[in-house]
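Asks: Take a look at the following structure, please.
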């Protein structure tokens, strides 16, 4: 692998001043550096990856053992080595294919849980399961991290399919979040879902207790309108939640990969079991493509290799995810956790510190909003930010098709502008038409130069349906896997979240005035004194 890394770096240094636009002298450039899956088109031709770089990157994936580790993951081997666990979120959307963990086929239990979820959701949506004041009108999902970001993102993304109760999401331990969410709801017609595998997550359980007290202001049996997504049956029972409304999932499903199963309960309630199954089917379709397509035609592999080229070879520390689809507004935040919690590591699988950078910083906002915020830096800033655009050919509002056309034209224009830029000669010509001359024209022209030659990709799809969203989410999940394998990282643990939790527990009695700040650094002690209740 070392030789391939070195060859990639040498090639990048040889071509880094080449214009990406120059690559389009090849009339087949766009076709050759694009990949399709059904109605999905991934165009990565507006990057500085040429045939040589592409071939080297594919060789890198082969040398890293991506194919072998891919099969190990799908087969239930314990590829999460630091925790001794399999990584089988894919089984949640492929329940008809037997998978063994420790010699036991896990799919019958998955099918049973899925059927229980469907039955509960159908009862709730039909009115057979009611609140103590009538049919359920609102559902509040209380969870954090993977118990929140995925289903919250998906519920917004699939709003046109949401014909069930209104779904709300509470994650932050800040009391303002649950207060603002509950204040306009009726406890007598609200279901609360507490999503915590261990039923001990401090933010989630604090909010759950608050919701229970709120529920008690209107109903005689608050726990009767609670459901739980948890494996801690003793704790859910102690909370008062009937076992029929408790849905568990195994430790081989990581939190940020879990919305395909019981963590997606709120999503299933919102869009119904049939649409939820279409979401699963979309993910399963991407799984099959990932397992079967050769690397040169494999969307997750190519998306990962493009990301590695930009981050590891070109040295671009961030990437912007820019969905030109307002209902994907929460996708960048979801991908922040998926990618940064998975591949934001400094230690390799073998326990040694990495000799290269780990994954990039992921951020973004939907278009066209971002154009009026941070695109200035993307176009004219001194650092290059690779951009990943997403756009649908068709919207859900036929009477507003003219607005969708404007949205799409803006997406394509931004991608083209990053590629082409604007030269000083072109800037002078524009200003001359406005009547500027002489030194003022020259001064202004320099501010209107766009360097261009900035890489971007476009993921285009027909329409944001449940199946399409499933394909998109699974695509990014597998991208994380491929990048992690090549970087030598365990993408499925998250020890970086632990230290802050431990310190917060120790700080709480200090802030309450029950303990002193001995042993704390001067800054922390000063802040405790200022913020002490």
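Start at 1 and count along the chain as shown; that gives each residue its number.
The backbone N, Cα and C atoms fix where each Cβ goes, and this holds for glycine too.
Straight out of Swiss-Prot:
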| type | residues | note |
| --- | --- | --- |
| ACT_SITE | 341 | active site, proton donor |
| ACT_SITE | 372 | active site |
| ACT_SITE | 501 | active site |
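For each feature listed, report its degree of burial, its nearest neighbours and the pertinent distances within the displayed model.
Replies: DSSP assigns residue 341 (active site, proton donor) to a helical segment in the three-state reduction. When Cβ atoms from all protein chains are considered, those within 10 Å of residue 341 (active site, proton donor) total 23, not counting its own.
In the three-state DSSP classification, residue 372 (active site) falls within a helix. The C-beta environment of residue 372 (active site), restricted to residues of the same chain at least 6 apart in sequence and closer than 8 Å, is empty.
Taking the Cβ of residue 501 (active site) as reference, residues of its chain lying under 8 Å away and at least six apart in sequence are, in sequence order, 202.
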Asks: Using DSSP and three states only, what is residue 501 (active site)?
Replies: helix
